Amino acid sequence: MEKQSEQAIEKLVQQGFVTEEQHTEIKNYTQLGIFSLHTELLFLLYLSVLLFTGGVGTLIYKNIDSIGHMAILAVNFVLIAVCFYFSFKKAKGFSKEEVLFENPIYDYVVLTGSILSCIFIGYLQFQYGIFGSDFSLVSLFSAVICFGIAYYFDSRMVLSMAITALAAFVGITLTPKTVFENDIYSNPTLSYYGLALGILLILWTVYSLHNNLKKHFHFVYYTFAQHLLGISIIAGLLEEHWLFFVPLLLGAVYYFYRISYQFSATSFFVFSFIYGYIGVNILLFKFISFVDTSSIIELIIMVSPIYVIGSIVLFIRLVRNFNKEKNARLQ
């Protein structure tokens, strides 16, 4: 990485954008070995928010009988009010462009207030049933609030919460654990809900990019859309009407392959390959199950390890070449 940075600086010197004196100063500075703790400090802030909100939830759970429901709600509401008081005080107001707080700590104050707001809504529903017996409305209401907060305060973290809540509203849970345990594999209807939501996120992203509305949110939207479509299509390929999902698989893989190059995003490229690879293997197994393979079963067993190893080698090479092209474009 240091070698690439040095080469980039030398190019700037050759093109006349950086003088020899500035080049010498940059070299002397890099030799000092100074590094930034900005990312590490932000991670600790994020961790502290999670620990704080998790601690509040645990405290409520263990002392709910002695504290009382109204007292819990009152304390939660006060904490929310404090968070958003300082957030609104320091915010620059809504803008279609990217707007940042002068101090990044307020991003985490907004995140804390958003999490506490979701806890507040969920607790109201659990204890008092404000939405009747339909708990999915809690997710929808939380999503609406988080979308509003995300756009006003320009928070990608809260935007992720909003999309997650929206997915939960339609019955899809997006966590690493539940990807393998999700009801989407046993409930075919959820596959279509996931497809609809994924396509809706893509359409909204295209609209936002075209109208310059929080264009920098595109990565969050595309990330959720890719996983929603990928999981839904894979689940659909395991259903009875799997042929419907074959063109969707090809279309989704091709679309995000193009997006990966458009935005130089390695993650889109990697997951396009992964979802495409899983989908192709499902179709391959379906083909094998349709034909009589008794005469070539030994050949299949012999070829399978070569196929797997070859796929891994191809995957590594493709990602490496993509990163090389990406770095070349950035330079």
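A Cβ is built for glycine as well, from the same backbone N, Cα and C atoms used for every other residue.
Please treat TrEMBL annotations as automatic predictions, because they have not gone through curation.
TrEMBL annotations:
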type     : residues : note
DOMAIN   : 11-158   : domain 'DUF2157'
TRANSMEM : 41-61    : transmembrane segment
TRANSMEM : 67-88    : transmembrane segment
TRANSMEM : 108-129  : transmembrane segment
TRANSMEM : 135-153  : transmembrane segment
TRANSMEM : 158-175  : transmembrane segment
TRANSMEM : 190-207  : transmembrane segment
TRANSMEM : 219-235  : transmembrane segment
TRANSMEM : 241-257  : transmembrane segment
TRANSMEM : 269-290  : transmembrane segment
TRANSMEM : 296-319  : transmembrane segment
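Remark: the transmembrane segment (219-235) makes no contact with the transmembrane segment (41-61), by the rule of 3 or more CB pairs under 8 A. Per DSSP, the secondary structure of the domain 'DUF2157' (11-158) breaks down as 112 helix, 0 strand, 36 coil. Looking just at the domain 'DUF2157' (11-158), the mean pLDDT is 82. Here the transmembrane segment (269-290) has Cβ contacts under 8 Å with residues 226-227, 229-230, 233-234, 237-238, 242, 246, 249, 252-253, 256-257, 260-261, 300, 311, 315, 318-319, 322 of the same chain, all six or more residues outside its ends.
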